[in-house]
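Notes for the one structure printed next.
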Amino acid sequence: MTAYECLSAFYKFIPIFWLLLPVCAAGLHAAVHIHQPVYHLADCVLSISISYFCSGRTVVFSSFLKDENLTHLGTETIVEIENKVSEGLNLVARWPISVFRSTGAVMEYNLYASNNGNDKHYSYVVIVSCEEGNWDGACDNVRRMIMELKTSPAWNSRGKFLIVVCHCVADGMQNGLKNLLESLWFFKVFNVVVLYPSTPRTVEIYTQFPYYLPAARCGQFLDVFHLDTWVQIQDTGFFLRNATLYAENIRRDLNGCVLRASAIKFHPYIICDKNGTVEGGIDMQVLRTVSEKLNASLEIRIPPGNERKGELLPSGTWTGLKGDLIYDKADVIVGCFLINYDDHMMFDDTSVYHSERFTWIVARATPYPRWLSMSRVFTPLSWLLLFVSVLIFGFIMKYLPTFKYSESNSDWSISKSILTAWAAFLEAGVPEMPRGNTLRVLFLSWVIYSLAINTLYQAFFTSYEVDPGLHHQIDTTEELMHTPIVFAFSSPLDPFFTEDMLKRLQPRIRCEPTKCLEYVATVYNATTFVGRVFLRYHLEELTKMENRHEVHPFRQDSFQLHAVFLLQKGSPFLLQVNEIIARIVEAGLVDYWKEAIIEERRLKAGILALESLKDSYVELNVLHLQGAFMFLLIGYAFSFIGFLAELFFGKKSRSIVKHND
């Protein structure tokens, strides 16, 4: 090619060069602006992490990237931010770091999934971007990532969340941030800080206060709250206000917002009147105190139906009070919920406010009939020995003396000796006194022996007449297991028994605690398993029931269970409620309310009045002495029969003699 041809070709490309120059300049300018915020945004994230993330606790680093978008210019910027932030976190070496990359597919939460090392996530760094600058895309990405993060057993909605928003347009920024925070609030994420790079050198920092104006009112977001601004000057970045970023977003003052509670009628914990209106109870006293200290308006709901505390049906539907928590109809449910693993994993349980000692309740043993009082003083073997001793003493009196002691020279016969011993034994007069010194000493010892036996007999006879006592009382679990009996107790107690034990507790009736207790009070071969406080409260009802018998709680407790309130998983009120409950328990208010409720119940029933008027003595009437009169009538009957027999045989013998003559 000649010089002329080269020059001609150059002049031909000059117009094309001028056309491409603006495009190249725009691309270079965009690249500079894209890469410029990377370093100072990473510095801002690292500064916040070092200042607020707990050392030694796991930090989760998460972003939403799709493989098909990795070549996108904005995606490359996010990758650079990821690299810079993760590199900085690793260099600091203060936290275990778990990197999470969203797949876009939400897995089902496994309640019993193993958590290696029992780790708990304490901090989250989440990087999201707006697709084509649209804020809705950022909100969708956050929702997907949170739904996937929740599937981990180490998920912690109360952790510190640092959300980094990239490539979102400034138009509608306030509304976009509000929607983003509302999406997080839906998942009970409230301890959150959002970073939004407004210029290549500044990062705006926002947060939420769900219950405080002007940002929100009772969980309804009105606007976002601007906390601070990160400014980058050359290689140095700093906060303009140096404000506390992770402040207490949920405080102990809810400014009169509604605290929704669901309850069931369960005396003495939840006491309702005839119309179903909640009047009081141990749980209600605690709940009202908590609501008062939180400055909240308490709204109590009693769910319709008979589901009571609720359970998970095979269809996946929750019923009862637990269903109210699952379906966001209540913030807290009360009704003496006992701590167990399943509830702990599915809900948030508060601190223990009451401990209940559980034991078996059986029918009280039947009393002995009063007419047996005379024979129950001694055992059958003792009675036998007493009668044998009378016979032995009679024989000794017969054969001990070797001389005749009566003036008529009449010897003591066997029958006379035995009758004399029997008369002395009954403290009655003898037909004839012994004449010899040997017999007198022997007879004196017999009289002393008889006096001791009679004194002992009369003392115990009187006590048995007043209180005949009971047959053998079942009072241990071993005896209960070897007795043919019906077990009646509610299903919520099943988690506290082993599978082998539940198989042994057959036959079984599933019923509510009150119905089970009434069943045991009317059926002798039945038992139930309830708490002692519950039993003390309901003794009044058992006293007034017709055709009932007394019940007997085992002297030893089987175990002690602890009662808590249940809140929604990740509830923002848990820490505040726990603090108030701890103060209530330390002050002894729960025990005070419990005793006051039971005393009031017993006073209304008149049980305390009956006990105070009960005298220390008992007037013996015919019912008490029915045993003595029964034996008297038996004696009269034998005497009359003997008299008739004597008349008959006497007449018969005379007729025989007369016939022989």
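Each residue, glycine too, has its Cβ placed from N, Cα and C.
Because TrEMBL annotations are produced automatically, they should be read as predictions rather than curated entries.
Going by TrEMBL, these are the annotated features:
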SIGNAL    1-30  signal peptide
DOMAIN    268-327  domain 'Ionotropic glutamate receptor L-glutamate and glycine-binding'
TRANSMEM  381-400  transmembrane segment
TRANSMEM  441-460  transmembrane segment
TRANSMEM  628-649  transmembrane segment
Using DSSP, how many residues in the domain 'Ionotropic glutamate receptor L-glutamate and glycine-binding' (268-327) fall into helix, strand and coil? 19 helix, 13 strand, 28 coil
Across the domain 'Ionotropic glutamate receptor L-glutamate and glycine-binding' (268-327), what does the mean pLDDT come to, as a whole number? 89
Looking only at residues six or more beyond either end of the transmembrane segment (441-460), which have a C-beta under 8 A from one in the stretch? 377-378, 386, 393, 396-397, 400, 421, 424-427, 434
